[in-house]
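Chemist: Sharing a structure with you now.
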Amino acid sequence: MSKAKFERNKPHVNVGTIGHVDHGKTTLTAALTRVCHEVWGTGESRAFDQIDNAPEERARGITIATSHVEYDSPTRHYAHVDCPGHADYVKNMITGAAQMDGAILVCSAADGPMPQTREHILLSRQVGVPFIVVFLNKADMVDDEELLELVEMEVRDLLSQYDFPGDDTPIITGSALMALEGKDDNEMGTTAVKKLVEALDDYIPEPERAIDQPFLMPIEDVFSISGRGTVVTGRVERGIIKVGDEVEIVGIRDTTKTTCTGVEMFRKLLDEGRAGENVGVLLRGTKRDDVERGQVLCVPGSIKPHTKFECEVYVLSKEEGGRHTPFFKGYRPQFYFRTTDVTGSCELPEGVEMVMPGDNVKMTVTLIAPIAMEDGLRFAIREGGRTVGAGVVAKIIE
């Protein structure tokens, strides 16, 4: 089978379904592929069972079962992730294995918000999912118009509780199963899912591409080249670095400023290095000992070093090669940010005495050295080089 050519002419947006078990996330995922294919003739229709037996992937040493599907509206290409189990969502969102530009919260109109509805909204807030659109599913099972309105109000309240704009969030009511079966009684099937895609188009802004963001490169290695000066190497995470640009070196020690006097790739000199490329950057007047792995090179003022932050963490289970025993407050592992480990101590939330392998928990971490960080930065938790957890910065404290 020849692979279909990937069209790059449409903006690409990453989304995913979230919500309580059995509220219809996977059915809706299948319905989205079917409706886009039928209404706009784009993409391929995928069956429920093609999505439901999600393959397991490994991200940062953690096994996650995830299904990836794609579909197109007339103006956009969507890449959509769906997970079979609650634990997979927790891992997926914390590791950032599937970064979402927006989430589709699926909530059964017959049951209303349930524990995982709340937990997934909280996780979305903690890991920095910027936008949520709601699909009130199974509306064909609810005869009472007032009940639908009540559930809608509950969902809006829940979103507002976690600092999402509950009052302005688009909520589409319908039945994913009807849409999947090609039915559309009372516009609850195909029409509702088409409306959902239109809401995604309108409500989730086009994500800013990595190349348009301010330049940042984690430093992996440092060399001195006689007669030329100091070269730092790494993969450009975002933005563009041009010869002559002023840059800052941030993290671990005091922030310093310098100028890029050369960019090279595969021993060839370039005018610039771009997001995604592995480059060497020559720094003016910087000594070999002034820079180290774990610092970042960036646009001056674009990112600051911090030592204390609140984070959401997933602790690997024993089966995943994690710890065999719980940890308690005052636990001091290494936190691996981008290219280096920094020791830090953990404070647990009030009322939480210990954290078991396989749990997810919110905690406050204090590092022994500052790291260039911003909300949404992912990290691994390690003990002597072995990964025992994954986390994401939810809020910087100092």
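Heads up, the Cβ atoms here are built off N, Cα and C, so glycines get one too.
When I checked Swiss-Prot for this same protein, it listed these features:
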- 10-208: domain 'tr-type G' (DOMAIN)
- 19-26: region 'G1' (REGION)
- 19-26, 82-86, 137-140: GTP binding site (BINDING)
- Thr26: Mg(2+) binding site (BINDING)
- 61-65: region 'G2' (REGION)
- 82-85: region 'G3' (REGION)
- 137-140: region 'G4' (REGION)
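In the displayed structure, how are the listed features positioned relative to their neighbours?
Modeler: When averaged over the region 'G1' (19-26), pLDDT in the model lands at 96.
In sequence order, Ala109, Leu148, Thr173, Gly174, Ser175, Met188, Ala192 are the residues near Ala139 (GTP binding site), counting only same-chain partners six or more apart with C-beta under 8 A. A helical conformation is recorded for Ala139 (GTP binding site) in the three-state DSSP classification.
A helical conformation is recorded for Thr26 (Mg(2+) binding site) in the three-state DSSP classification. A simple way to gauge crowding: the CB of Thr26 (Mg(2+) binding site) has 20 other CB atoms within 10 angstroms, across all the protein chains here.
Sequence-distant neighbours of the region 'G2' (61-65) (same chain, 6+ residues past either end, Cβ-Cβ under 8 Å): 54-55, 83-85, 88, 91-92, 95, 97, 314, 316, 320-321, 380, 387, 390.
Taken through DSSP, the region 'G3' (82-85) splits into 0 helix, 1 strand, 3 coil.
Sequence-distant neighbours of the region 'G4' (137-140) (same chain, 6+ residues past either end, Cβ-Cβ under 8 Å): 23-24, 27-28, 106-110, 148, 173-178, 185-186, 188, 192.
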Chemist: In the structure shown, with every protein chain counted, which of the binding-site residues Lys25, His86 has the densest set of Cβ atoms within 10 angstroms of its Cβ?
Modeler: Lys25
Chemist: Ten-angstrom check, please: count other Cβ atoms within 10 Å of the Cβ of Asp22 (GTP binding site), all chains counted.
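Modeler: The answer is 13 other Cβ atoms.
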Chemist: Count the residues of the region 'G2' (61-65) that DSSP assigns to helix (H, G, I), to strand (E, B) and to coil, and report the three numbers in that order.
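Modeler: Across the region 'G2' (61-65), the residues distribute as 0 helix, 4 strand, 1 coil.
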